[in-house]
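Notes follow the structure.
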Amino acid sequence: MSRQQILTLIAMASINFSSMICYSILGPFFPNEAKKKGVSQAMIGLIFGIYALCTLVGSLILGKYIVQIGAKFMIVAGLFVSSGCTVLFGFLDQVSDGTVFIVLCLITRCINAIGFSAAVTSSFAVSGKVFPDNIATVLGFMEIFTGLGLILGPPLGGWLYQSFGYEIPFVFTGCLLFATVPLNLWILPNAVPSSQNSFLRLCTRIKILLICFVVFTLSSGLGFLDATLSIFAIEKLNLSAGSVGLLMIGLSLPYGAASPVFGVISDKYPSVRKWMMVVGGMATAVSFCFLGPLPVFHIRSQLWLTVLMLIVVGFSLCMSCIPTFAEMIACAHENGFEEGMSTLGLVSGLFSAVWSAGMFFGPTIGGYITQTLNFEWSAGVQGALAFLAVRKINFRIKAVESYSSKRRCIAQLRVHGDLVTCTTDIPVQSPLGFFFVFILK
C-alpha cells in the first residue's frame, strides 16, 4: 500500500467517524426533547427525514458535477458547512416552542444535509479512484469507523445531555467534525479530470435499479430506528436517555465489527455478492418483525429480545450493504462506462441519493405509522420492505441472467447454414427488455 493510499484511508476514516458521531447523537434525547416543545411524533420523523431528503437532492446534483467542482473541494467545503450547522443546532432549545422551533430545526438540518452529501459523495468517489481493485475491502474498513461513530454517538450524546444539557453534545461533536477540515485539506489527493457520463443512462440499467432498491430498504430501516427507537425504549422498556444510547450500540457494534470481513469476502469472491444481499436481507426482514415484536406473534416486548434483534439487524444490514457499492461500479463498467472519476461520481451520487431516500422514508412514514398504530406494526412494515427487496434481487436478476444466456445461445445456432439473429434490438438491460423477461416469467 502506497503512502497516498494510507493517507487517503486516514482521511476517509476521519470523515466517516466524525460525521456519524454528529448524525447519531440525536437519537437518545432529541425526540423526547422535541416532544416537550410540543412537536408530534410525525413531525419528529420529518425533522429526521428532511435531512435525508436534502442529502438525496444534494447527492444527485453534486455527483453529476463532481468533475467540474472538484472532489477535494467538495469534501472540505461539505465538512465545514456540516460542522457549523451541527453547532448551531445545539442552540435551538433557546427558541420558542412550536412552529418556530420546528422551522429552525428543518432549515438547519437541510443545510447540514447539503454539506454532508458533498463530503460523503466525494469520499466514495475518491475511494473508488485511489483503490480501484479493492473498493469493497476499503469500504468495509471505512465502515469500521462508521460503526464506531454510530457506537460512540448515542451513549456520548446521552451522557453529555444528562450531564451538561442540550447544547454541549452538538457543540462538542461539531468542533470534532470541524477538526477534520484542515486534515483533509492537507492529505487528500487532487483528482484527475475525466470526461462526463450520463446519469440517465446509468439509472436505466435494471441491475442498478434492483441494487438501489436494496440500498433503499437498508437505509429506511436505519432511519426508522433513529426516529422511533428511543421513545419506544423509554415508554415500553422504561429506559433512560443514557441507557437508550447504550441500547443503540447493539445495532452499530456488529455492523462495524463485521464490515471488514464482508468487504474482503466481497472483493475476493464477487460471485457471492448477490447471495450476501439475499441472506442479509432475509435476516433483516425477520429481525424487524420480532423487534417490536409484531402483535400477530403475541409476544410481549422485552429488553433482551430487543437487544438480540438489534444485533441481528446490525449484522444483516452490514452483510447486505457492503457489496452494493462495488456491484454498482462493476455493473456500470459492464455497460460501457469509463473507469474514471466521472463514473465514480455518478455511482457514488446515485448510491448516496438512494440511501438518503430511504433515510427520508424510514423516519417520516415510520413515524406516521408509529403515531397512528404503534412501533410494533411500523417495524413490521420495515421488515416487509426488506423481504420485498430480497425477492426482487433473488428472482429478477436471475431472470435477466437466464434470458441473457438464452439469447447468446440462440444467436449461435445455425438454421439451414445461416446464423439466427434476434428479431428485436431490445437490450436485456433496458427497461423494455426487462419487462419482456418479466412477462415471459
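Using N, Cα and C of the backbone, Cβ positions are placed for all residues, glycine too.
Annotated domain 'Major facilitator superfamily (MFS) profile' per TrEMBL: 8-401, in sequence order.
Annotated transmembrane segment per TrEMBL: 7-30 (among others), in sequence order.
What TrEMBL lists as transmembrane segment is 42-61 (among others). Outside the transmembrane segment (42-61), and at least 6 residues removed from its termini, the chain residues within Cβ reach (under 8 Å) are 26, 30-31, 34-35, 102, 105-106, 109-110, 112-114, 116-118, 120-121, 199, 219, 223, 226-228, 348-368, 370-371.
Under the heading transmembrane segment, TrEMBL lists 73-92 (among others).
What TrEMBL lists as transmembrane segment is 98-126 (among others).
Per TrEMBL, transmembrane segment is recorded for 138-156 (among others).
Look at TrEMBL and you will find 168-187 (among others) tagged as transmembrane segment.
Residues annotated as transmembrane segment in TrEMBL: 208-234 (among others).
Sequence annotations record features per position, and here TrEMBL assigns transmembrane segment to 246-265 (among others).
Annotation source TrEMBL lists transmembrane segment at 277-297 (among others).
Annotated transmembrane segment per TrEMBL: 303-322 (among others), in sequence order.
What TrEMBL records for 343-362 (among others) is transmembrane segment.
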In terms of Cβ proximity under 8 Å, which residues at least six beyond the ends of the transmembrane segment (246-265) contact it?
24, 27-28, 136-148, 150-151, 154-155, 158, 225, 229, 233, 239, 272, 276, 306-307, 310-311, 313-315, 317-319, 322-323
Might you confirm whether the transmembrane segment (73-92) is in contact with the transmembrane segment (168-187), defined here as three or more C-beta pairs under 8 A between residues 6 or more apart in sequence?
yes
Can you work out whether the transmembrane segment (208-234) touches the transmembrane segment (303-322), with the criterion being 3+ CB pairs under 8 Å where the paired residues are 6 or more apart along the chain?
yes
Can you work out which residues elsewhere in the same chain, 6+ from the ends of the transmembrane segment (138-156), have a Cβ less than 8 Å from its Cβ atoms?
9, 12-14, 16-25, 27-28, 127, 131, 169, 173, 242, 244-249, 251-253, 255-257, 259-264, 266, 318, 321-322, 325-326
